Amino acid sequence: MQKPYVFQEIPVHRPNTPLLDKIDSPAQLRLLNEAELLQLAHELRAFLLYSVGQSGGHFGAGLGVVELTVALHYAFNTPEDRLVWDVGHQAYPHKILTGRREQMLTIRQKDGLAAFPRREESPYDTFGVGHSSTSISAALGMAIAARLQNQPRKAIAVIGDGAMTAGMAFEALNHAADTKADLLVILNDNDMSISRNVGGLSNYFARLLASKTYNQMRDSGKRVLQGAPSLMELARKTEEHFKGMVAPGTLFEELGFNYIGPIDGHDLPRLVETLNNIKELNGPQFLHVVTKKGKGFAHAESDPIGYHAINKIEPKPKVQDTAKAPKKPRYSNIFGQWLCDMAEQDASLVGITPAMCEGSDLIEFSKRFPERYYDVAIAEQHAVTLAAGLACDGAKPVVAIYSTFLQRAYDQLIHDVAIQNLDVLFAIDRAGLVGEDGPTHAGSFDLTFLRCIPNMLIMAPSDEDETRKMLTTGYQYTGPAAVRYPRGNGPGADISPGLESLEIGKANLRRRGAQTVILNFGALLPAALGVAEESNFTVVDMRFIKPLDQNMILEMAGSHDLLVTLEENCILGGAGSGVIEFLASQGIAMPVLQLGLPDEFIEHGKPAELHKEVGLDAQGIANAIKKRLKSLNLASPKTGTSA
């Protein structure tokens, strides 16, 4: 086997890719011979390195599936055959080979290519993804649809070993076997977490298991032995024993799949041969390929976590989120430090995360308190109910989770935590617009779906110090509590070193002006204060979404002509809706302007670009207020004082 060339550095200049430059669709790829396919894989890896270096983006996963991507588009008739990528981090080579090569420098940028497969972007993107573990269910649906329509097309799901830890993946596997649909599930095992048994014998056996001859012989033998149950059982046990010597596929065989593998995911000729054999088979098939994340780039091979994604090269690559510490700490850093500090004070604290140790800044906690740290893998539902069980018996669980992923555990949040009024603190990271990853990762809805749950305490800090104090407040609260904070850095507020808490339901008057009051919920406070200084508005940092500071709202409503609510959450059902509901309950009718995320999915781009697009930057806020004041025939006052 020809081994992939290992790059030592990311190309700064566009590499010479004469073969790749001629490939604008997989149909052209299928005209190549074996030697040309190997050359194409090399050029594809070189171009992927170059393009991500120029734009920034997900890195290691795509490098690891170059050969698999080429083989899939060569063996199958895409897009007629449905190819579904799980999560989508590994789909960059797929995008390059399906007519988007020249657009790759725009990936994750405003109005450019999306970070993940999107149905709106290409017919080759058969299913939109971003969250994990959805591919098998989606591909199974496509396989069943093909059968209902009497169409011969194939359905293929490519899923990583990390995504296979989620319950949804096993739900789909269990159902797939029952349907007997023509579905191929490819396990991209890039951590060797299921098996290390890769070599000549297993490769040979994989080819045998995938061959049409073997499967015809097996089916014919079963028919012959149907009348002799004892011989049938002996044959079954012999086959299972043979497979068990070289393949770890017992689980998948028991689920009803024909298991094939493991095979080397970087052996392109072997992949093509195996896939060509598999596509002739009927029923659920399971192919286990072993790959190396970051394959072909030395630094990524040695540090696959650090090189999961990179920033744009300027002029040398910086590993995303692992470069020199910023002058101002990230909100996640504030949480990570608070968690360690609180754990030192309270031995009952337990930290839980669904596979977000690095992103949620739990690394230090996991090292210092390993017996109280639980990474449950990609299993958000389990994470929340695990926390509920801990809380039932005296532990104090803290669930560190991204806003977008908490959506996946909504029933557990209500049924297992809130109804029982259990002491669980949710540290909700990536609230609001997260930027380049787009709508699948935006934290646009948490205030809305949390606010309607009884017993919940909900807080949104405006700076670093409030974040720390709110975490303490939520931790000490009797019942479920949530602190939602954005991605990135805060404004640079001084942080109190202790473990102080806030008075529950108490807002903070930040600036006293006249006529118009901005009730701010969360991290948009600096923009609100800037607008208020220009126009002499009052600004209140509300802090608490539930319970609201009702006395503050009544005071502001009685002394101002226009009330503005500001939040980085969808307007529908958000914090502003809570203010309006309270005013209505008090029989107060007054002009209220709700500023927040519109009723649409916000596409990818830099956070500053997106804030401007939706009118949540300082200028957009000022313009919206000015427009409303004009409609009310009110003029802006010009003097005021900070509170």
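Residue positions begin at 1 at the first shown residue.
Using the three backbone atoms N, Cα and C, a Cβ is placed for every residue, glycine included.
What Swiss-Prot records for this protein:
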BINDING   H89, G130, H131, S132, G162, A163, N190, F297, E380  thiamine diphosphate binding site
BINDING   D161, N190  Mg(2+) binding site
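Features as recorded by Swiss-Prot, highlighted on the structure.
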residue	record	DSSP class
H89	thiamine diphosphate binding site	helix
H131	thiamine diphosphate binding site	coil
D161	Mg(2+) binding site	coil
N190	thiamine diphosphate binding site	coil
E380	thiamine diphosphate binding site	helix
- Query: Counting distance between Cα atoms, which of the binding-site residues H89, H131, N190, E380 is nearest D161 (Mg(2+) binding site)?
  - Reply: N190
- What is the Cβ neighbour count of E380 (thiamine diphosphate binding site) at a 10 Å cut-off, with all protein chains included? 28
- Message: Using a 10 Å radius around its CB, how many other CB atoms surround N190 (thiamine diphosphate binding site)?
- Response: 24
- Query: Record lists H89, G130, H131, S132, G162, A163, N190, F297, E380 as binding thiamine diphosphate; longest Cα-Cα distance in Å?
  - Reply: 32
- Task: Mind telling me which of the binding-site residues H89, H131 has the densest Cβ neighbourhood, counting other Cβ atoms within 10 Å?
- Result: H89
- Note on the structure: G162 (thiamine diphosphate binding site) has its Cβ surrounded, within 10 angstroms, by a count of other Cβ atoms equal to 20
